[in-house]
Ligand code: SAH
């Protein structure tokens, strides 16, 4: 029974406030052990991949993959998060407007292998960011408002190449005991969203 979470909405403004207040318990300074564990599944022996980080925050795993020679693209509404990512890794970057999306900015490492779009993920399309060989979805599907899940999944399906790998981390708990995010997304719903 996920009835209690169905109607919940967290606004972009609330996410920005979480960043301002330092209320970011979701951030893992040491990176996620499950990406380490399943790195081979994501890469599948391939090199020079394009990897997408939806709702990226300042996930340190972006640095891991860039250091392994892959090209990383993330999207995050909080400009503070994006700037903290580059400064905490001492990465020089430049910032430029995104002509297709009003108000959006793209922050790119000077080396060119990490590009973070500062806008809502719903503003992106494969025409703007291209398609990806791999996705690391941690704190993303589970952070999306329940009413937006279908739209999110359709967009993600549109953003991946045919032979891509998609690693998804979800959390399992009694949704009556915590209002989320992270939201509880039942396995059956994941199957119907992604097929
Ligand atoms: N994936 C990251 C962050 C998870 S928290 C990690 O593993 O640490 C979810 C993040 O999504 C927050 O940083 C929030 O600011 C961002 N966010 C929320 N809604 C968004 C949207 N519609 N588009 C882009 N980013 C969004």
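Every residue gets a Cβ built from N, Cα and C, even glycine.
The S-adenosyl-L-methionine binding site annotation in TrEMBL covers 15-26, 55, 76, 120-121, 138.
Known features from TrEMBL, placed on the structure.
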residue: 15; record: S-adenosyl-L-methionine binding site; DSSP (3 states): helix
residue: 21; record: S-adenosyl-L-methionine binding site; DSSP (3 states): helix
residue: 55; record: S-adenosyl-L-methionine binding site; DSSP (3 states): coil
residue: 121; record: S-adenosyl-L-methionine binding site; DSSP (3 states): helix
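Closeness to ligand 1 is met by 15, 55, these being the binding-site residues among 15, 18, 21, 24, 55 whose Cβ falls under 6 Å from the molecule. For residue 15 (S-adenosyl-L-methionine binding site), the count of additional Cβ atoms within 10 Å of its Cβ stands at 20 [all protein chains shown]. By neighbour count, meaning other C-beta atoms within 10 Å, the densest spot among the binding-site residues 21, 24 is 24. In sequence order, 54, 55, 75, 152, 155 are the residues near residue 121 (S-adenosyl-L-methionine binding site), counting only same-chain partners six or more apart with C-beta under 8 A. Within 10 Å of the Cβ of residue 18 (S-adenosyl-L-methionine binding site) there are 18 other Cβ atoms, across all protein chains. The Cβ neighbour count for residue 55 (S-adenosyl-L-methionine binding site), using a 10 Å radius over every protein chain in view, is 24.
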